[in-house]
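Quick one: the structure is below, questions incoming.
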Amino acid sequence: GKNCSLLQEMDVIQKQDENCYCYVQNRTIHLQYLWSTLQIKVSSREKFRFEPISEKNNCRNSETVFEFAACAVQILWKPETSTETFLSIKQYGEDVCFKIQPFKIEPYIVRVKREMLDGKLLFLFVAGIFLFHFANSLSRSDKFFYLSGIILGVLALLVFVLLTLKRFIPRHSTFWILMSGSWMVSLYFIYCFKENIQWLWSEHKNYLLGYFLAVGITSFAICYQHGPLTTELSITLFTWTLQLTAFVLIYFGVTIPQVAYAVIAVSLCSKGLCYPLGAACHIARKMKHHFKLKKMVFKYLTEEEYREQGESETIRALEELRSFCRSPDFPSWIAISKLQAPHRFAAFVLGSPHVSPAETKAHDEQYGIGSSFLEEQLFETREQSEQDEPANSVHEEDEENENEMHTQIPFPYATELL
């Protein structure tokens with residue numbers, strides 16, 4: 001990187017000769033850059049060659065077989081030419097260097113811009129959280145099973161074919177060796193596809209759509225032929241696979257690896273604490289239901305309901321009084337000594353009405369229809385209405401006098417003329 005130009009935020013560089021550029025990451029961690037990316041755009045009128053360069057291009061320094069295979073394939077993968085290219089760099093990823101080789105003496109522009117909230121990273125993070133917490137229910141859904149089969153067939157065709165042909169592989173050891181190799185190759189092709197998706201979409205859109213359509217329909221047909229998962233073992237394995245995929249999405253959905261590790265740890269702890277938390281919530285609901293006070297609901301009675309309820313409650317109270325007076329705990333002699341009419345009280349206890357016919361007749365004469373009490377109430381309301389009427393009649397008489405004067409004034413003059 002000594003001979004390369006260092007890029008910084010908000011840089012706009014215009015050149016026309018071959019040159020390399022590097023962006024050195026800032027190692028200071030800031031949480032506001034959790035979903036932030038750096039967007040580098042290279043544009044020109046003529047075609048140019050965009051070639052990523054890195055110290056890992058030397059295959060002799062590869063530490064693992066996967067790195068050596070990736071390095072070899074990357075050497076064979078020729079850099080493509082275009083008039084415009086984009087490069088997205090994570091905030092806390094590796095240092096990125098690339099070289100621009102114009103074919104003609106034509107200026108090209110390199111623009112560096114920061115995107116504080118990258119929608120792709122946020123989508124991956126939210127999708128990972130959702131997939132982890134709903135993995136158990138999604139693994140039992142038939143629609144999600146078919147959708148997962150289509151996605152697996154499109155992104156990892158070798159893995160999907162190997163799973164389809166599993167019954168024809170006699171040994172499990174051979175199957176798992178082939179499965180691990182298929183996953184490694186599929187992951188590398190996914191990486192290459194992600195890095196060159198813009199070029200593939202712009203130059204080979206028809207082939208890309210044809211591949212998606214053909215492989216998607218074939219994958220759906222194979223999944224539909226085999227049917228959804230039925231055994232608990234296969235559903236459990238599918239659930240674990242979804243949760244592992246969720247961890248991968250969470251890791252690639254943030255720019256700070258420490259935050260990803262913390263979120264994964266919290267998710268695992270929350271999954272382990274779901275049973276005691278569920279039991280505590282169940283106990284709390286039971287206690288709340290037990291100690292919850294019933295809300296009082298007031299209902300207004302009509303006049304007929306009020307009369308019926310009064311009669312029924314009176315009859316019920318009188319029966320309770322009779323039963324209490326008949327009980328051996330009732331001090332009968334003390335009560336009789338204080339009563340003015342013991343015979344009437346005894347008749348009441350034995351079932352006679354508590355009101356005599358004479359008292360009922362007197363009540364009707366005083367408070368019934370045509371009684372003195374009702375006449376007094378009517379007279380009072382009539383007197384109040386008569387007191388309100390004179391004030392209104394005074395105003396009406398004044399208005400009538402004014403009208404008569406207006407009508408009587410012309411008559412004298414009319415008689416004199418006659």
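Cβ atoms here come from the backbone N, Cα and C positions, even for glycine.
These came from TrEMBL, pasted as-is:
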{"type": "TRANSMEM", "residues": "121-138", "note": "transmembrane segment"}
{"type": "TRANSMEM", "residues": "144-163", "note": "transmembrane segment"}
{"type": "TRANSMEM", "residues": "175-191", "note": "transmembrane segment"}
{"type": "TRANSMEM", "residues": "206-223", "note": "transmembrane segment"}
{"type": "TRANSMEM", "residues": "235-254", "note": "transmembrane segment"}
{"type": "REGION", "residues": "380-418", "note": "region 'Disordered'"}
As a test: from 144-163, 175-191, 206-223, 235-254, pick the stretch that has the greatest number of Cβ pairs under 8 Å with the transmembrane segment (121-138).
235-254
Look over the recorded stretches 175-191, 206-223, 235-254 and say which has the most C-beta pairs under 8 A to the transmembrane segment (144-163).
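The listed stretch sharing the most Cβ pairs with the transmembrane segment (144-163) is 206-223.
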Excluding the flanking five residues on each side, which residues at least 6 beyond the ends of the transmembrane segment (235-254) place their CB within less than 8 Å of a CB in that stretch?
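34-35, 121-129, 131-132, 135-136, 138-140, 145, 229, 260, 263-264, 267.
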